[in-house]
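Just below is one structure, and these are the notes that go with it.
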Amino acid sequence: MAEPVGKRGRWSGGSGAGRGGRGGWGGRGRRPRAQRSPSRGTLDVVSVDLVTDSDEEILEVATARGAADEVEVEPPEPPGPVASRDNSNSDSEGEDRRPAGPPREPVRRRRRLVLDPGEAPLVPVYSGKVKSSLRLIPDDLSLLKLYPPGDEEEAELADSSGLYHEGSPSPGSPWKTKLRTKDKEEKKKTEFLDLDNSPLSPPSPRTKSRTHTRALKKLSEVNKRLQDLRSCLSPKPPQGQEQQGQEDEVVLVEGPTLPETPRLFPLKIRCRADLVRLPLRMSEPLQSVVDHMATHLGVSPSRILLLFGETELSPTATPRTLKLGVADIIDCVVLTSSPEATETSQQLQLRVQGKEKHQTLEVSLSRDSPLKTLMSHYEEAMGLSGRKLSFFFDGTKLSGRELPADLGMESGDLIEVWG
């Protein structure tokens, strides 16, 4: 049976020199490339499986067959029974080019793009505006060197002293704080590792002393700023007061004791149709009221009777003991003369007034008795025995030998005493 002539097309070179070439190898292998003509360059279709990281693709790569081809020839398959030529009536050209044996597994290779650093293209990440406003920091330079911890401490001091205004920007930004905290955490980790390696070694006191001194320094600076602020706000004292304050300090324990002015109580006295107001101290006895009303009415004080409601008041009582108020009114009654009073009409009621207001004494004396009796009685009553006293009546000094009848004395007359 004659072999069918293969179709010549665009890839006709891939079919070899014809069907008869296959019998020379005793199988379906291709003719060795050494037998091909070096002057004739042909194209063959080789199935190469390029596997990428994402998915698998099978690409057909056209390779030039020639004398300089570096692709090695696949080892020939073992000889086998030649397929019948009659069955290739309607097969495609692929069957002529490919053996009819079991399908070969495609060569799987991974696509790897290896470029030199000089061949890699440089693509700008940021635009021109971003680059102009962005200051990049070199990789070999630490961020904390650009921003020392002193700036953060000054910012904390400014916040604590309140010197920054509300509208002014804060001296520290959040990313600086994050970087510093990150650096501190790394330092703490290294310290913890050192402590784990040497558990018996106590912590160095240098860190404690540094923090203590730093805190003291901050406190002193804050106090200094507060003092400066206080000096600016407080008025400047006069120079004389400042020198006096530097020399000595005067502490006023208590203020000067002012003399207490007696509180006068306006006592209302009703006599017949008249209402008399007499200023009186709360601790003063009512005897002064009796004397004032006897003088006002022209009668003997023994005839004056004071009543509060229906209660007779004693001359020794005081407004405080009686609990009298401003609205209370005392009644004054003048007693009539009795027959006993006519019998004792020879007795004179003389008033003796000393230098002080409270040194007042009323003495009963007959008209025929010398005034020496009155003088001795007054000295004993006032406790002035042994003192030199002078008694005057109407401007005349009394010697004590005078009689009241000789001087024309009457009841209620006043004798003055001077020491």
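Glycine is no exception: its Cβ is also placed from the backbone N, Cα and C atoms.
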(request) Could you check which of 140-162, 209-231, 232-254, 347-369 is flagged in Swiss-Prot as coiled coil? (result) 209-231
(request) Work out the three-state DSSP category of S220 (phosphoserine). (result) helix
(message) Roughly how many Å lie between the Cα atoms of T318 (phosphothreonine) and S220 (phosphoserine), rounded to a whole value?
(response) 68
(request) Looking only at C-alpha atoms, tell me how far S369 (phosphoserine) is from T316 (phosphothreonine), rounded to the nearest Å. (result) 29
(request) For T316 (phosphothreonine), just give me the three-state DSSP call. (result) coil
